[in-house]
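What TrEMBL annotates here:
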type	residues	note
DOMAIN	15-147	domain 'EamA'
DOMAIN	157-281	domain 'EamA'
TRANSMEM	44-63	transmembrane segment
TRANSMEM	83-100	transmembrane segment
TRANSMEM	106-124	transmembrane segment
TRANSMEM	131-147	transmembrane segment
TRANSMEM	153-174	transmembrane segment
TRANSMEM	186-207	transmembrane segment
TRANSMEM	213-232	transmembrane segment
TRANSMEM	244-263	transmembrane segment
TRANSMEM	269-288	transmembrane segment
Amino acid sequence: MPRPTALDAVSQPLKGIALVVLATLLFASHDALSKYLAGFYPILWVVWARYLVHTLLMMVIFLPQSGLRVLRTRRPGLQTLRALCLLGTSLLFTTALQYIPLAEATAVNFLAPLLVTALSLPLLGEKVTRGQWVAVLVSFVGVTVIIHPGGALFTPAVLLPFGSALCFCFYQLLTRKLSGTDSPTTSNFFTGLLNTLVMSAVVPMFWQTPSLIHGLMAVALGTCGMTAHLFLTQAFRHAPPAMLAPFSYCQIVFAGILGLVLFGHSPDMAGLVGIALICLSGLGAAWLQRRR
């Protein structure tokens, strides 16, 4: 068996970084498509379409290889709770995008990794350093700057991306819990299938038949979401999470570009400062984690 070379030691992390950056572009594109489609269709329809396409693609890719074994889980209760947390994230964030520009909503949603840090001590028993607590505090200052009193975003709607971040925080904590018992493929398949079934039970009450172009956009929506998750899974095989975490903040940059190009939204000075504080706090937390 050939030994790893110095070139491999460099190229493997670079592959992981490239996959994370591509995943963030796909996530930002997914959110932009969600925002656009929710302007024409009920939010429940948009979220249902996203999970339906996700699940169908997972079936095409993984069922021929693994059969129904891919759905076997040792922790069905935790998997169900994890799936519902992601469903809550999807519903709250898609709703938030109807009231809040893409970049600002994405930035507030990036509180999730820092909330994970804050809750790791009481829920997972992991040690949280003083520096990490400072990063969490700075991130909340960033959110406060974005939604400063008297600003355009100082409305109850700002609670939507915050609620989305909280749901996503618990989703990430449950993902950690399940990582020792179930594979990422099983977790992603279970989540997609369960959420498709849940949304299929309610979407008939809000049904609208899409036009051809909107139907294709819904397919693109689900494809972006599923592919982004696959890219992230692959990225962690090439590089450690602490190395890749800073590059996840590329999503805020892509969200800002797409928000400007597609919707004509550009953050004001307060928004830019708040986004910068959230990014810096997240990067700082990732750097501290890597040092450990």
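Glycine residues also receive a Cβ, built from the backbone N, Cα and C atoms like all the rest.
Because TrEMBL annotations are produced automatically, they should be read as predictions rather than curated entries.
Helix, strand and coil counts under DSSP for the domain 'EamA' (157-281) come to 108 helix, 0 strand, 17 coil. Residue counts of the domain 'EamA' (15-147) by helix, strand and coil are 111 helix, 0 strand, 22 coil (DSSP-based). Counted as Cβ pairs under 8 Å, contacts with the transmembrane segment (83-100) are highest for 153-174 among 44-63, 153-174, 186-207, 213-232, 269-288. Below 8 angstroms of C-beta separation, residues 78, 81-82, 85-86, 88-89, 92-93, 95-96, 99-100, 104-105, 108-113, 115-116, 119-120, 123-124, 143, 146-147, 271 of the same chain, each at least six residues beyond the ends of the transmembrane segment (153-174), sit close to that stretch. Remote same-chain partners of the transmembrane segment (269-288), defined as residues 6 or more beyond its termini with a Cβ less than 8 Å from a stretch Cβ, comprise 101, 103-104, 107-108, 110-111, 113-114, 117, 129, 131-132, 134-136, 138-139, 141-148, 151, 153, 242, 245-246, 248-249, 252, 256.
By the count of Cβ pairs under 8 Å, the stretch nearest in packing to the transmembrane segment (186-207) among 44-63, 131-147, 213-232 is 44-63.
Residues of the same chain lying 6 or more positions beyond the ends of the transmembrane segment (213-232) and with a Cβ under 8 Å from any Cβ of it are 19-20, 22-24, 26-27, 29-30, 33-34, 36-37, 40-41, 46, 49-54, 56-58, 188, 192. Per-residue confidence over the domain 'EamA' (157-281) averages out at a pLDDT of 88.
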